[in-house]
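Written below as structure tokens is the structure these notes are about.
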Amino acid sequence: MASSTFARSSGNGARIPARVIHRRQKSTLSVASSRSSQYCCMQSSSFGSSLNAGGGAGRFGGVSASLSNVGNVHGGIAAATPRLPRLPTLAKKNTVRSKQPLRAAGPEVEVVTAETEEELKKKEEDKEEKATLFKAIGVGALVSMSLGILDHDWVGAHQELSLTIVFIIGYIGIILEEELAFNKSGVGLVMAVALWTIRVLHSGPGEVDPELQEKLGETSEVLFFLMGAMTIVEIVDAHQGFNLITKSIKAKTNKELLYFIGTITFFMSAILDNLTSTIVMVSLLRKLIPDPDRRKYFGAAVVIAANAGGAWTPIGDVTTTMLWINGNLSTFATMRDIFLPSVVSLAVPMWIMGEFAEEAQGVCERNVGCLVDPDNPDGPMLEENNPNDEVELAPSGKIIFFFGVGCLLFVPVFKSLTGLPPYLGMLAGLGSLWLLTDAIHYGEEERSQLKVPDALSRIDTQGVLFFLGILMSIASLDTAGLLKDLAEVLENNIPSQEIVATVIGLASAVIDNVPLVAATMGMYDTTQYPMDDELWQLIAYCAGTGGSILIIGSAAGVAFMGMEKANFGWYFQKISGPALAGYLAGVGTYLGVHYGGAMLGAAPAIAAGASDVIDVLPL
């Protein structure tokens, strides 16, 4: 009992109650939090005096005298408890940490951050400048090394092989445009210059200069034709002229719209050329389809339809026109015999794309016109709430639309009447439209975007330069005789002329069909293969539709590539399969129509021969 009540004794032997010691410890803890040792001593003395005055009876009576020196007792307790003196120090440190950094750290952080940003920006600029310098040095070294290689004696001794290697390298660069981060227009231009450099370094300028001027003239005709058509279409589009067509389309589903667009393009390309038809229809698709991925898919269908439609008329495709002018084809026989294969070559890929492609599924959602009710697809069409609907035709928009379309339709008529190249008819139409727009918008400075100068700034000049590089590259191979050598290899190794024509069509997907057809015309004599022979008709069909298999196989595909920024890999993955199926189906249709009749006529003789064989068999 005594051990629990009197826990300690003072220095003179008096025993101190435990609860008194507890109060002193509690008082000491309170004093520690006040951060004053003097206050601690005064509080302890005051506590001792009050205790001495309050009680001298009972068991506390002997303790009152000894509490007069309670400061010493407190010193002993504090010395015996080492944890207590640390409390004021810890509290002080915590207080400093919680306040001091808040006052001093703010400005220091801001200064350091500003300095760091400036330093990082400067380092980044220096790094970018060094990288640009290294790139310039690298490109310069590559050009110098390439010139040295092109001037090497081995290149001159193996000129045809060198041309082939350079063309393949450039072709791969065009295919891998996105992966290599090099624009296809730049690659095409460099490739063309490299090919012609090989020719002039090892054949002499006297031989190459006339060829270069001739091929540049032929290529310029295509480029001027392309620029004229694109400008006319841009002027009509600036006046919202194509709204007349888009608002008349009532397709409820994307599949119906796909078939509708393909049919219009097919017959338009028969009247116009496939290049102009593609430009017009792709521009129309921009008014119809807001989704760029879906629009690109429909644009690829336009390419197939334009090439198929241009194959069955003499003025629809440049290769058919070449055969027509050269006397290999006549107008009526060409339209009669190639129309059905051309329809099949379009119908098969349209069906495949419409049935199995995700882009052709769902309801038709367009920028203008009507919109199908998603809750009731079979119900009446709804008016689409679109800001474009409120924009009517620009001033004189209808006049510009019909005049522009008339200029495009005038081109084949001009060619037939005068015999001049088609690009002159296109330039005549562009000049007439230019004068008309200047007269209509005279003095209207706020409508300068409706005039031809502004339209010229909006056309795809990058695509035009790419077309220049490709055509001049193919022209260099043609002047070197490589294309004719290829045609001769096909003739010597493939006995069937039908297979030769089919292979030429497949090759036109990789190489431009114009030099291929030109080489074929030089290989075969019209005395051996007269006008409207099956060979010429099949070549016209194959060269016209085979270019749809790859995106760079036709002028329509190249124009579509530039207008919708489609790349080779996307087209090969999505479109090449259906296009190839349609191409082969069209070939089969032509052979079935032309050789099926002969087989039916020989059916009795075949049946009699089969009967004789059966009689001989030991059955």
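Heads up, the Cβ atoms here are built off N, Cα and C, so glycines get one too.
Keep in mind that TrEMBL annotations are predicted by a computer and have not been checked by a curator.
Computed from a predicted structure; not experimentally measured.
What TrEMBL records for 131-150, 156-174, 186-202, 222-245, 257-285, 297-325, 393-411, 463-487, 499-518, 538-561 is transmembrane segment. Positions annotated as domain 'Citrate transporter-like' by TrEMBL: 172-529.
Between the transmembrane segment (297-325) and the transmembrane segment (499-518), the number of CB pairs under 8 angstroms, six or more residues apart, is three or more, so the stretches are in contact.
Away from its own ends, the transmembrane segment (131-150) comes close to residues 162, 194, 197-198, 201 of its chain (Cβ-Cβ under 8 Å, at least six residues beyond either end). Most Cβ pairs within less than 8 Å of the transmembrane segment (499-518), among stretches 186-202, 222-245, 393-411, 538-561, belong to 538-561. Long-range contacts of the transmembrane segment (156-174) within the same chain, counting only residues at least 6 positions beyond its ends with a Cβ under 8 Å from a Cβ of the stretch, are 150, 180, 182, 184, 187-188, 190-191, 194-195, 198-199, 201-203, 473, 476-477, 480-482, 485, 552, 568.
Sequence-distant residue pairs (6 or more apart) of the transmembrane segment (463-487) and the transmembrane segment (538-561) include at least 3 whose Cβ atoms are under 8 Å, placing the two stretches in contact. Long-range neighbours of the transmembrane segment (222-245) within the same chain, counting only residues 6 or more positions beyond its ends whose Cβ lies under 8 Å from a Cβ of the stretch, are 275-276, 279-280, 283-284, 287, 368, 391-398, 400-401, 404-405, 407-408, 422-423, 426-427, 429-430, 433, 437, 449-450, 452, 454-456, 458-460, 464, 467-468, 471, 555, 559. Residues 229, 232-233, 235-236, 238-244, 271-273, 276, 280, 422, 425-426, 428-430, 432-433, 436-437, 440-441, 447, 450 of the same chain lie 6+ residues outside the transmembrane segment (393-411) yet bring a C-beta within less than 8 angstroms of a C-beta in it. Sequence-distant contacts of the transmembrane segment (186-202) (same chain, six or more residues past either end, CB-CB distance under 8 Å): 146-147, 150-151, 155-156, 159, 162-163, 166-167, 169-171, 173-174, 177, 208-209, 211-212, 465-466, 468-470, 472-473, 476-477, 479-480.
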